[in-house]
Amino acid sequence: MGNWLVNHWLSVLFLVSWLGLNIFLFVYVFLNYEKSDKYYYTREILGTALALARASALCLNFNSMVILIPVCRNLLSFLRGTCSFCNHTLRKPLDHNLTFHKLVAYMICIFTAIHIIAHLFNFERYSRSQQAMDGSLASVLSSLFHPEKEDSWLNPIQSPNVTVMYAAFTSIAGLTGVVATVALVLMVTSAMEFIRRNYFELFWYTHHLFIIYIICLGIHGLGGIVRGQTEESMSESHPRNCSYSFHEWDKYERSCRSPHFVGQPPESWKWILAPIAFYIFERILRFYRSRQKVVITKVVMHPCKVLELQMRKRGFTMGIGQYIFVNCPSISFLEWHPFTLTSAPEEEFFSIHIRAAGDWTENLIRTFEQQHSPMPRIEVDGPFGTVSEDVFQYEVAVLVGAGIGVTPFASFLKSIWYKFQRAHNKLKTQKIYFYWICRETGAFAWFNNLLNSLEQEMDELGKPDFLNYRLFLTGWDSNIAGHAALNFDRATDVLTGLKQKTSFGRPMWDNEFSRIATAHPKSVVGVFLCGPPTLAKSLRKCCRRYSSLDPRKVQFYFNKETF
């Protein structure tokens with residue numbers, strides 16, 4: 001735990017600050033509405049539910065302002081580039097942007113639930129006080145009406161015949177609240193891991209309901225349902241002095257005047273205006289870049305239905321491990337899908353590898369398999385930075401890819417090859433451990449040439465130990481295993497043709513980390529993963545377990561690719 005805090009102290013500080021701000025805003029507004037004389041009469045009808053509704057509303061505004069920032073990809077790429085020479089701990093929060101985005105969304109859900117429940121109680125109490133015939137203060141307040149000031153009422157339910165449901169669904173606040181809540185529920189449920197992985201199109205389209213959510217939030221307070229006593233009225237008849245003699249209001253010259261009330265002006269738009277403006281600028285920038293012409297220079301179909309596209313685009317510059325968003329208008333005009341760049345910055349083109357994993361990718365692969373002329377138009381937005389850009393910042397790098405998750409490391413390994421070709425000897429990275437876990441033997445095919453070239457290059461430069469790679473096959477059968485066993489004495493692997501033999505099963509991570517820690521007792525080791533959450537959990541545990549509490553000894557820093 002201590003080592004984890006050392007590695008993530010800035011992320012923890014940021015998270016604690018955000019939680020602290022939520023708690024402060026909630027408590028501050030709650031106490032204000034619970035104690036303020038301005039809402040003395042409002043509390044007579046609504047009780048504590050008033051303060052709960054208003055406190056949760058402010059926290060909703062705050063988090064609705066914050067939630068757009070983590071998905072402004074250009075801003076994050078700019079900050080990552082600005083912090084490229086900073087300590088990796090300072091860049092760590094940028095790598096958790098989507099995690100923070102989800103946490104803010106969960107917080108919005110919590111405060112939405114509090115806000116809805118509180119206002120359901122409020123409408124019920126408004127209705128009861130309007131129907132009450134007992135002459136209580138609440139019933140008197142509900143019947144107040146000033147002809148000279150038609151909007152100086154306290155109870156939004158003006159008639160005892162109006163039901164709670166009718167009042168809730170016909171008011172601006174009630175109607176916009178229902179629409180915003182439905183949009184929020186659809187966005188949150190469609191963002192679940194299972195749906196996002198298997199039905200990305202559903203997630204993509206549904207998530208754009210945030211536009212409706214933001215619009216409803218902006219106009220939610222226009223009705224001014226929550227009302228407080230006016231300053232002028234309080235100066236004439238202070239509630240703490242006059243509430244006990246409410247039966248005598250306006251009867252005598254010296255008696256208290258009946259109070260006047262005013263609704264609160266809408267405030268939500270003030271919170272969301274700046275991030276909305278920033279997000280609109282972000283979208284305009286994305287649109288401008290996506291409209292620039294992309295030339296497809298080469299199309300390669302690899303085994304296991306993996307499509308490689310090599311492209312060029314004017315003014316396109318990339319770094320290792322970055323990703324782009326791709327759109328094919330002939331398939332879907334609105335859908336944009338993220339793909340990691342597999343080319344190196346030193347190459348004259350940029351490339352991506354696409355595996356069939358859903359309707360959109362299957363349609364794209366099918367389109368290119370048909371080899372129509374001319375080729376379908378491709379639009380590209382990016383590139384955007386990720387945690388994989390930091391690979392060269394570590395003395396020792398451990399790269400772990402699962403299936404198509406190897407793509408970020410293809411860019412890195414290609415760049416290494418080019419750097420050694422050009423006698424680039426200023427690399428901070430002195431050792432690379434590369435692990436690739438695949439279900440099918442065909443998946444290794446498109447990566448073999450690169451690994452083979454790296455093997456030869458390292459041998460020629462006298463650095464055969466610079467790259468240590470292990471390939472693991474998890475989808476093998478008895479025929480494959482028997483064939484490999486019969487040819488075990490061959491100089492090259494029977495499945496891949498590489499010097500390193502393919503292993504069957506999954507890596508024993510404790511053994512691997514123990515070996516690396518022993519080989520590099522005083523090094524800073526960066527562990528990079530592009531793979532499933534279960535594998536991330538195992539690697540994260542190993543990083544904590546094998547990192548020394550002594551900062552002068554081996555330290556493992558876990559980094560997971562997310563986009």
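Glycine residues also receive a Cβ, built from the backbone N, Cα and C atoms like all the rest.
If you check Swiss-Prot, you get these features:
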type	residues	note
TOPO_DOM	1-8	topological domain 'Cytoplasmic'
TRANSMEM	9-31	transmembrane segment
TOPO_DOM	32-44	topological domain 'Extracellular'
TRANSMEM	45-69	transmembrane segment
DOMAIN	54-282	domain 'Ferric oxidoreductase'
TOPO_DOM	70-102	topological domain 'Cytoplasmic'
TRANSMEM	103-123	transmembrane segment
TOPO_DOM	124-167	topological domain 'Extracellular'
TRANSMEM	168-188	transmembrane segment
TOPO_DOM	189-206	topological domain 'Cytoplasmic'
TRANSMEM	207-227	transmembrane segment
TOPO_DOM	228-395	topological domain 'Extracellular'
DOMAIN	283-390	domain 'FAD-binding FR-type'
TRANSMEM	396-416	transmembrane segment
TOPO_DOM	417-563	topological domain 'Cytoplasmic'
MOD_RES	Thr429	phosphothreonine
The answer for the topological domain 'Extracellular' (124-167), taking Cβ pairs under 8 Å and residues 6+ beyond its ends, is 41-42, 44-47, 49, 174, 223-225, 227, 230, 243, 246-247, 249, 258-263
Spatial neighbours of the transmembrane segment (207-227) not adjacent in sequence (6+ beyond its ends, CB under 8 Å) are 42, 50, 53-54, 60-61, 64, 151, 153-154, 156, 171-173, 176-177, 179-180, 183-184, 186-187, 190-191, 261-269, 272, 276
Helix, strand and coil residue totals from DSSP for the topological domain 'Cytoplasmic' (189-206) stand at 15 helix, 0 strand, 3 coil
Mean pLDDT across the topological domain 'Extracellular' (32-44) comes out at 88
Residues outside the transmembrane segment (9-31) whose C-beta sits under 8 Å from one of its C-beta atoms, at least 6 past its ends, are 51-52, 54-59, 62-63, 66, 89-90, 92-93, 96, 100, 103-104, 107
Long-range Cβ contacts under 8 Å made by the topological domain 'Extracellular' (32-44), restricted to residues 6 or more beyond its ends, are 50-51, 54-55, 137-138, 141, 154, 226-229, 234, 238-240, 243, 259, 261
Close in space but at least six residues away in sequence, with Cβ under 8 Å from that of the residue listed as 'phosphothreonine', the same-chain residues are Val391, Phe392, Tyr394, Glu395, Val396, Ala397
Thr429 (phosphothreonine) -> DSSP, reduced to three states, gives coil
DSSP tally for the topological domain 'Extracellular' (124-167), helix/strand/coil in that order, comes to 18 helix, 2 strand, 24 coil
Per DSSP, the topological domain 'Extracellular' (32-44) contains 12 helix, 0 strand, 1 coil
What DSSP reports for the domain 'FAD-binding FR-type' (283-390) is 23 helix, 39 strand, 46 coil
